[in-house]
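J.: According to TrEMBL:
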| type | residues | note |
| --- | --- | --- |
| ACT_SITE | A:ASP52 | active site, nucleophile |
| BINDING | A:TYR110 | substrate binding site |
| DOMAIN | A:5-104 | domain 'Pseudouridine synthase I TruA alpha/beta' |
| DOMAIN | A:143-246 | domain 'Pseudouridine synthase I TruA alpha/beta' |
Protein chains: 2
Amino acid sequence: MRYKAVISYDGSNFSGYQIQPKQRTVQGEVEKALSKMHKGLRITVHASGRTDRGVHALGQVLHFDSDLQIPLDNWKRALTAILPDDINVKRIEPVKDDFHARYDVIEKEYRYELLVDDEPNIFLRHYKHHVAPPINVKAMQEACKYLIGTHDFSSFCAAKATVKGDKIRTVYAASFLEKNTGLIFRIAGSGFLYNMVRIIVGTLVDIGYGKLKPEDMKKIIEKKERKAASKTAPPQGLYLYQVKYDE
Amino acid sequence: MRYKAVISYDGSNFSGYQIQPKQRTVQGEVEKALSKMHKGLRITVHASGRTDRGVHALGQVLHFDSDLQIPLDNWKRALTAILPDDINVKRIEPVKDDFHARYDVIEKEYRYELLVDDEPNIFLRHYKHHVAPPINVKAMQEACKYLIGTHDFSSFCAAKATVKGDKIRTVYAASFLEKNTGLIFRIAGSGFLYNMVRIIVGTLVDIGYGKLKPEDMKKIIEKKERKAASKTAPPQGLYLYQVKYDE
C-alpha cells in the first residue's frame, strides 16, 4: 500500500532534507521512524523535492510503501510519536500505487519571511531574515509582476547546480504580504530551480533598497546568467509552503 | 567604572543563566565576551537573578566593572559583535559605583506564553507552552486576583529550593492577555521564589481546565506547602521580561 504524508519541519537543526551519512537530516529521521514502526525494515521515502540546510517546510509531501496493518487514524499518531519534536505529521493517507511525490507535482508554493525592523530579533533568527528599514515594499511588489509567467530562470539558478533539462519554469503567482514588522513573499510555480526562491528574494531586497529598479527584474531574467541577479538570501526565511498534485 | 547592561537571550540552547563548568551558559558567554574585550582579563558579571535551562529573557539586567576606555556608543556594538547570536545587548550605560543588579531590584516582571491550539506548533516549541482548547480563560483571569498582594508563597516554591529568609513576596500585578491563539500571563512582583512563576502557571492551567476552581488559588496559597499547588509548567514559555530599580 502506498501512502502520502504531508509533514512540516523546523529546518534549524537539520543538514537539509536529503539523507546523508553522519548528518541529521529530515529524510534520515523519517526513514528511521518508519523503520521502527516496521520492525527494522528499511522504508525508502520519496519527497516532492529537497530543501537545504536551515530551510523549513509547512507542507512537504512524501510517499512511501508499507504493508503495515494499522487503522488509518493510528498512522499519524504513531509516526508523530516516534518522530523528533522538530518534525510534525500533518496528514497521512493511502494513495494510488503509482502516485509519486516528486514526479506528479503540478504546483509548489514557497514563502519567504522577512523581519523589517531596526534591530534583529534573536527569537526569530532561525525563522525570518532580518532587513533594516526603510525598504520600499511598493517597488518590490512591482518587481514581482515580471516574475509571473513562463521564463528561462537561468539567472536565478545557483551556478553550482546541475539541472537536467532546461531552466524554463512557470511562475503562477508572486507577491508580498505585509503584516506589522513582517513581510511575507509568496511565490507559486510549476517548479523551482536550485536556490531560485532565495536568489529572487535577494534580488527583490536590492530592489527594496533602491540598488536596483523594479524593471531591472525583467532585464535580469533576460540575461539568463546567474551573475546578473543579486546575492542568495539566507535559508532561515524560506518555507516550502504547499505542494499540489492533480488528484 | 561600573556598567549596567540590559540583555535579552533565547534560553533554548543554554544550560540556564548561571555559569557552570563544561556547560554553555548565558553568564559564561557574557563573561567570555567581556574577557575578550579586556585582553583576557576575567570580568565577573552580576545578574538580577538566575534563569533556568530553557527560560528566556527579554530584559535581564547585569552589572560589571570595567576600566576600558571606549566611547559609550561603542560598548553595545562591540559587545554584541562578540556575543553569540542568541544573546543580544539592548542597552548598556554607566551607573553609580554601588549599583547592584541583584540587591537593588525593586520589581521584576515575568511573562509566560501559552499557545492555545488543537495542534502543537513545531516552530514555537521552544517559545510557547502548548495547551489544547477548550481552556477557560475567564476562570484563570479570576484566579489571578488571589495572587495579588503580600503572601507567603511557600506553595509555589520548588521543594528542592534552599531559600534564605522567608517566602513572603508581594505580587503587584497578575493577569492574562489574549492574542489570537496566544495567551500571555504577566506577573510583576517584589521578587520571586525558585520556580514560582512556573508553578503558578501550572496551577492556573489546571484552573483553566476545570480541575481546580478559581477560588482554590486562595486555599492553595494558605496551605503553604508545595504539594498543594499543581505541576510546574515547562520552562520554554517563560520570559524574564523586565527588572526595575529605584533610579
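Cβ from N, Cα, C; glycine included.
Here the structure is a predicted model, which means the values were calculated and not measured.
So that I understand the layout, could you describe where these features sit and how close they are to other parts?
T.: A:ASP52 (active site, nucleophile) counts 17 other C-beta atoms within 10 Å of its own C-beta, drawing on all protein chains shown. A:ASP52 (active site, nucleophile) falls outside any helix or strand according to DSSP and counts as coil.
In three-state terms derived from DSSP, A:TYR110 (substrate binding site) belongs to an extended strand segment.
Mean pLDDT, taken over the domain 'Pseudouridine synthase I TruA alpha/beta' (A:143-246), works out to 96 on the 0 to 100 scale.
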J.: For A:TYR110 (substrate binding site) and A:ASP52 (active site, nucleophile), what Cα-Cα distance in Å is obtained after rounding to a whole number?
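T.: With the alpha carbons as reference points, the distance is 13 Å.
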J.: Tell me the residue counts in helix, strand and coil for the domain 'Pseudouridine synthase I TruA alpha/beta' (A:143-246), as DSSP assigns them.
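T.: Counting residues per DSSP class in the domain 'Pseudouridine synthase I TruA alpha/beta' (A:143-246), I get 32 helix, 32 strand, 40 coil.
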J.: Count the Cβ atoms, other than its own, that fall within 10 Å of the Cβ of A:TYR110 (substrate binding site), considering every protein chain shown.
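T.: Result for A:TYR110 (substrate binding site): 25 other Cβ atoms within 10 Å.
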